[in-house]
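**Student:** Residues or ranges marked as transmembrane segment in Swiss-Prot: 13-33. The domain 'FAD-binding FR-type' annotation in Swiss-Prot covers 44-147 and is backed by sequence analysis. Per Swiss-Prot, the feature FAD binding site maps to 127-142, 153-185.
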Amino acid sequence: MFTIEVLAQKLAPHASFLGGLVVAAILGLFIFFQEKDRKVLDPVEWRSFKLVDKDHLSHNTALYRFALPRASDSLGLPIGQHISVAAEINGKQVVRSYTPTTLDDDKGHFDLVVKTYEKGNISRYLSLLTIGQEIKVKGPKGKFVYTPNMAPHLVMIAGGTGITPMYQIIKSSIKTPGDKTRLSLIYANIQEDDILLKKEIDELQAKSNGRFDVKYVLNNPPEGWTGGVGFVTKEMIEEAMPSSGVGSANHGEGHKVLMCGPPPMITAMKGHLAQIGYPAPRSVSKLEDQVFLF
């Protein structure tokens, strides 16, 4: 792999022929293109990023925007993976994992959607941040990496802030020319105000040319609600499955089920999937698994 130092060594013997100005110009162009799409995330070293904006999405959830060092920088996070966020709380370092809702196409910043829990150390820490304060981040982390057309159909089941990895995958797929992956999302929440990124999700569905469908499910729906009611059921999951899936000889062939949400919900979903005939997800899922748990 070329670096500035390696390039300089290769050009040095020809400096007298090329002339100092030409060598400098070549090095300058190399530096420009090397820095143009710089990825700033590091898997080992903690790096600090400043909070530049905070947008309250609901009574207990906010979107936090953090600036990257340069406007042309990208985070460098593969689709489907997450980052570690660290904070010093009561003299101890506390670390939690979050999936940004931005892609590497979104230059100069990254966004985190975080629900504040009363006993959530990092979520409370983030909620108290003021503009200009920093968080420490490293990554990428995770076993799942989305690539276009990796499966004919992705069935995604999310609850609450478990929408973030699903949203990232959906957003990337819809924006990628040539990606024909069918996407089905079941998104569960308690009440309508808890539905995160609904406007953005609905916009992606409108742009998908029919290959992305979403079913919202609420425990406490408002009057006139036309989506799902109660908890996510086995029947709701079956409806989201491809037509060649449930009850056929090639049951489940070629598609994946992705899940992310509160532990009680995930436990219930495992039971539903087992009844339909799907394997139980591993405690630590791997990319090749048909049922992947974030």
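Positions of Cβ are set from backbone N, Cα and C atoms, glycine also.
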**Student:** Quick one: give me the count of other CB atoms within 10 A of the CB of PRO165 (FAD binding site).
**Tutor:** 27
**Student:** Using DSSP, would you call LYS141 (FAD binding site) helix, strand or coil?
**Tutor:** strand
**Student:** Check each residue in the chain of GLU134 (FAD binding site) that is at least six apart in sequence and keep those whose C-beta is under 8 Å from its C-beta; list them in sequence order.
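**Tutor:** In sequence order, SER48, PHE49, LYS50, LEU51 meet the Cβ cut-off.
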**Student:** What are the DSSP helix, strand and coil residue counts for the domain 'FAD-binding FR-type' (44-147)?
**Tutor:** 7 helix, 48 strand, 49 coil
**Student:** Return the count of C-beta atoms lying within 10 angstroms of the C-beta of LYS141 (FAD binding site), excluding that atom itself.
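**Tutor:** Taking all protein chains shown, LYS141 (FAD binding site) has 13 Cβ neighbours within 10 Å.
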